[in-house]
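**Student:** Heads up, here are the entries from Swiss-Prot:
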TRANSMEM  25-45  transmembrane segment
TRANSMEM  70-90  transmembrane segment
TRANSMEM  101-121  transmembrane segment
TRANSMEM  138-158  transmembrane segment
TRANSMEM  193-213  transmembrane segment
TRANSMEM  255-275  transmembrane segment
Amino acid sequence: MNDLSCPAIAFPFFLDPVIIRLGPIALHWYGLGYVVGILFAWWYAQKLLKKHSLWNTNHPPMDKEKIGDFVVWSAISVVVGGRLGQVLVWDLAYYFNHPSAIIAVWDGGMSFHGGFIGIIIAMIWFARKNNINIRAMFDIVAAGAPIGIGIVRICNFINQELWGNITTLPWAICFPLDPYYLPRHPSQLYEAFMEGFLLFIILFIIIFAFKALKRPGTVAGTFMIGYAIARSISEVYRAPQEDPEWFSTLFHSTGFTYGMALSLPMLFFGIYLLLQAFKHKSTENGHPKRKN
């Protein structure tokens, strides 16, 4: 705990990253956040698959029972991909010197972009194995993903990681783990709102008001573009992380961050999916409708 006093303009942080301790076992908010996010995405996907009118020709691309089979694979892919991304992309030197810390996922340290790549691989594998249109599979998973992202960002806040730049705004937060104990932007909460709850509302609207699931790839494309934009905005308020040396050399003092760079492929892939979704006027769960 920092002994310095929090300035009057800011709120002192007081949340415990651990929900409850039972002897040597501790339940962390961070781990619970991932569980709740995945369970919500599972529940929401089942609801979408049951509502046949949302899909082209009133026929969902898969049975709702199938999404239950995918839950385990999605959880594994997100955790493994997220952790590997954190280790290899952000903190390789630290984990090289502290290899035992690699498995300590409950302490935080998960790369969103690594988890994204992990679940993309899992979705492609699962879709091909079960003869499901890949773009429709992307849509189903993307529809509920923002809620999980929002919850995990709140857990980042509770874990006192990824805090923001110094600010004099009235909602500034003093984090005890900050060695300078200065008032900072609660950038994790900005991300929770933009990448999570706002993006979910946008996807909800295009699904139910504009029937976006009838054009496979529309929901996933919108999600990827929306996340890339939201992440880039939030990077402005995040405290700088230690970027790879080659990146710092190329983009020193430009304001272009490594997080922004990692979001660019998502932006381009999202645009590609939208172009593919609107390439054909009539589609049947991702395949051009055949003429008789």
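Note: Cβ is positioned from N, Cα and C throughout, glycine not excepted.
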**Student:** Do any residues, 6 or more residues outside the transmembrane segment (25-45), come within under 8 Å Cβ-to-Cβ of it, and if so which ones?
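**Tutor:** Contacts with the transmembrane segment (25-45): 17-19, 64, 67-68, 71, 74-75, 78-79, 105-108, 140-141, 143-145, 147-149, 151-152, 154-156, 158-159.
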**Student:** Looking only at residues six or more beyond either end of the transmembrane segment (70-90), which have a C-beta under 8 A from one in the stretch?
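**Tutor:** Contacts of the transmembrane segment (70-90) (Cβ under 8 Å, skipping residues fewer than 6 from its ends): 34, 38, 41-42, 102, 105, 109-119, 121-123, 125-126, 141, 241-242, 244, 262.
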